[in-house]
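Comments concern the structure below.
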């Protein structure tokens, strides 16, 4: 039996680092020999620590995810003996509307460490955790913290996935999977928590992709333990057997992802389910066995098993071709913007005129004024220049970057042809893959699928992970001033963006089968013939990639040789890699020195841009600049404007999204944070919303309301020092509390709550030039 005190200490360390660490990082915090620590984690079991092994070019990387069997009681009033924690989950996450002084009004307990809760934590050997660490552990272990799951969700591959009005705002995932009691390896309901739509709902409920990934890996582990490899074959009388054509779930599009389970789980490891092993036998013989040798176990008796599938096993003939091509357009709400080739391989050999037509159709029609529609009060229509801008160049090299490579219309032509072929070639039918970042047709057209789903040429930026577990990556390169435009393409290429959502932590991986055959000449000389191993990296939600990340880098010489040997192939492999992170890894601030007189640092870690703000959208695997940033910024600076319409696409400043795709705003540091170097610092104004839906600046008077004893400068200063705090203040005889985390102002006496927003002061490009010249 593992020592309870040591296990509690290890859990405490893991939760202090986001709930997940590599074994090497954990060894740096605990003075134990590696063999002893690994044995302790194995002895504690997968109900305490989920052990994952990630294969990459540098070898095997082992990581540990903290979990627990402790649960929060779901009853509002529990009168019977209960072994669950009794607390307010929103308060645990810092999001309860009731402030600490009004906690008696909440129907759930705010006393996290009450005598009863402490005894329960002690029974689960968690008594040493503080509130923040306990919150981290429970969020990724207890399904009670997930958003509501749709009760009428019927599964994928049906004409109607659920009976709710569309779009459904609930999670379309298997509820039994989240609880660890799903008995179906080929479950009709999705096991993919990393699906784009699922992630969008998760973010709206405060769960970052990093946390969701941890939940995915824990659920994968439970599912694999409940359904060991010996029970893969589905019973023919249950759900109609495992017919290969019965399911069209998007999260089964690519199946060749690995799960490296704890040796306690399975001595043979676990691969993805294969409904029809015999049908793939011939194809598997074509796959090189050398790849499997890279996933050697360390200190165990196990070997991780690869299940690669060549293009012959992908089901590329007949109706399945057309079905694979058409499945991506299930949601097709962007069909009016992008033209997609739905024909077979012969039609993909388009003439130059057809290719030019298609490239022209790819460009988004921006800036066309919409007429005949009544303007909503909170919507501002911003004129954008037409289409995209060509020739975006990366300034900085990174593991997932392409230094000095420009996207051109010709590149996109090849990319589109490759996409069409891949849709027809690489779709294994009815293969259950959990934790996959999926895509749909319109995503592929608009953002080259925001969360991917295309083949992964496992380069330095791809990941290998358990049972389909995959990770979103984000490398934030600087973009040259000449390419400050746009969604970043001319009539052919979409640029990229990431959300203000913070993100991911820790290694996870994915190795996908690469088709050995192509259906068009264009693909045949560009597709790699065998999957490469991959590395992983992870950054904390706080944006500090070092401490909480394990980054297996590739030397510049190797990366350069790959690019120079076949730059087009390298470009396509880079673009088609769907594993990117939606966190704040990379530059988070704009360099004021660059704005003023030029930055003298040779390796500046801040973004060099000609404006003190920078609006970007995540496309492919990089952040790309919007075209008319001043118009977006001017609208954002007005607290009354919540939406900007770009033709039929809207930017939502509350959710920081363009349609459902994330956006972000980089800026210079706050004026209150760095007042001594404040020439180009961002000045923030704080507003509260009155009963007439008018935003009133703090410190200003409004009809029927006395001005408060605080102003924007005071609020900003307090916010910079304590961004999750609660600030008490007074306006006349009324006393209030302002919650920075919830951006809510609460009247202590009447309990009335008001919405609070924080917006910058608008600075135009002319203002920047004037400040740069100085006073005349």
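Just so it is clear, glycine is given a Cβ too, placed from its N, Cα and C backbone atoms.
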*Could you tell me which of the ranges 260-307, 308-355 is annotated in Swiss-Prot as region 'Disordered'?*
308-355
*Can you dig through Swiss-Prot and tell me which residue of 183, 257, 502, 739 is labelled phosphoserine?*
257
*asked:* Using other CB atoms within 10 angstroms as the count, which residue among the modified residues 2, 667 scores least?
replied: 2
*Looking only at the motif 'Nuclear localization signal' (69-76), what are its DSSP counts of helix, strand and coil residues?*
0 helix, 1 strand, 7 coil
*What is the average pLDDT across the motif 'Nuclear export signal' (284-291)?*
37
*Report, in whole Å, the straight Cα-to-Cα distance of residue 667 (phosphoserine) from residue 2 (N-acetylalanine).*
49
*Kindly assign residue 2 (N-acetylalanine) to one of the three DSSP-derived states: helix, strand or coil.*
coil
